[in-house]
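K.L.:
A single structure is presented below for examination.
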Amino acid sequence: MISWTKAFTKPLKGRIFMPNLFVYGTLREGENNHKYMKEATLLSRKASIAGSLVDTGNGYPGLLLENQLVAGEWYEVSEETLKRIDELEEYFGPGDTRNLFDRIECQVNESGGTHLGWTYVYNRDDYLETRFSDWKQYRLQHASGIEEKQDVPHSL
């Protein structure tokens, strides 16, 4: 397995490569945690990965690894931004049982091709059974009456 932290921050001809991140929930543009992305570079507004989304019942979605397509956005982020998002998502490190979300390597599809990077998958069994592919669309169609909390773990 490639260590993306090392692979994407290794200088090449004076340039520092930064990790890429696929976001699918409250970190997307127009959502309540998009402020965490203010220093990120948007690579694509129309990206997708394999999986499906579930409603956690807490005002944010969770990603499950399944064979559907999930809509989202594709960003280049700094190590500092990635660390702040790790904290937001309650990601403590690989295999840590306290993780609310696990950060995993993923294959992202967008108009420019297929790329590798990071995303977060939900690490709990407590969610509503309905599966969907686009958080923004789902949230608009299924106003649940649950007020979205700010600065608590909200999935991508």
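Here the Cβ of each residue, glycine as well, is placed from N, Cα and C on the backbone.
Straight out of Swiss-Prot:
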BINDING   Y24, G25, T26, L27  substrate binding site
ACT_SITE  E89  active site, proton acceptor
K.L.:
Measure from the CA atom of the residue listed as 'active site, proton acceptor' to the CA atom of Y24 (substrate binding site) and give the result in Å, rounded to a whole number.
P.N.:
13
K.L.:
In whole Å, how far does the CA atom of T26 (substrate binding site) lie from that of E89 (active site, proton acceptor)?
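P.N.:
Roughly 11 Å, rounded to the nearest whole number.
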K.L.:
Tell me the Cα distance separating L27 (substrate binding site) from the residue listed as 'active site, proton acceptor', rounded to the nearest angstrom.
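P.N.:
It is 11 Å, counting Cα to Cα.
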